[in-house]
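> Straight out of Swiss-Prot:
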BINDING   Gly31, Leu32, Ser33, Gly34, Ser35, Gly36, Lys37, Ser38  ATP binding site
ACT_SITE  Ser105  active site, phosphoserine intermediate
Amino acid sequence: MSDIVWHQHSIDKQSRADQKGQNPILLWFTGLSGSGKSTLAGALERALFDAGFHTYLLDGDNVRHGLCKDLGFSADDRDENLRRVGEVAKLMVDAGLVVLSAFISPTREERERVRALFDQGQFIEVHVSTPIEVCEARDPKGLYSKARAGEIKNFTGISAPYETPTAAELTIDTSKGDLATQVSALLDYLAAIQVIDSEKLKKAV
């Protein structure tokens, strides 16, 4: 039997959420490199923040500067990377925040493992379904060129698979329509499921 026990605090997550006037959730943006995950998540966070919501964006590149800087890109390391991010996101949701995360997260198993950490309705999977042809044409970091040249091994979409979500709450192709329209669709969805108050939302659009 473990000597480590869970310490129950006097302030629970519902109290923290009530103080902030919002329903905390995790929006998990998944898709290929260059699909527009970070751009879309960042624009949504800006809209929510400007309307007075308490948010935080976890970005795949940023966490590797600190939390996950000891990890590489092997299958095991990528799995551990997402495990850590999922646990951090859970703490943030417990703190009452609307959390946005932008990670390739290529396998259904990885994504479902993170989903299992959260209460029903608190994990919203957003599949950024931009076609690989568009992602490769964008190639903002030059990664596709390196992968095609064999300089990057196990690159998702080229030499490693991406498992398309089968039950994502939302699917957005960033090659169709403009960013403002896509953000508005996300805001409308969050209002419809009563994650955010529609009156506060009016300030964000």
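The backbone N, Cα and C atoms fix where each Cβ goes, glycine too.
Give me the local environment of each listed feature.
Proximity of Lys37 (ATP binding site) to non-local residues of its own chain (separation of 6 or more, Cβ distance below 8 Å) is seen for Phe29, Thr30, Gly31, Gly60, Ala102, Phe103, Ile104, Val128, given in sequence order.
Mapped onto three states, the DSSP output places Ser105 (active site, phosphoserine intermediate) in coil.
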> Could you measure between Leu32 (ATP binding site) and Ser105 (active site, phosphoserine intermediate) for me? Cα positions, answer in whole angstrom.
9
> Taking 8 Å from the centroid of the Cβ atoms of Gly31, Leu32, Ser33, Gly34, Ser35, Gly36, Lys37, Ser38 as the cut-off, which other residues in that chain fall inside it around the ATP site?
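Same chain, not in Gly31, Leu32, Ser33, Gly34, Ser35, Gly36, Lys37, Ser38, Cβ within 8 Å: Ala102, Ile104, Val128, Thr130, Cys135, Thr174.
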> Between Ser35 (ATP binding site) and Ser105 (active site, phosphoserine intermediate), how many Å separate their Cα atoms?
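Rounded to the nearest whole number, the Cα-Cα distance is 13 Å.
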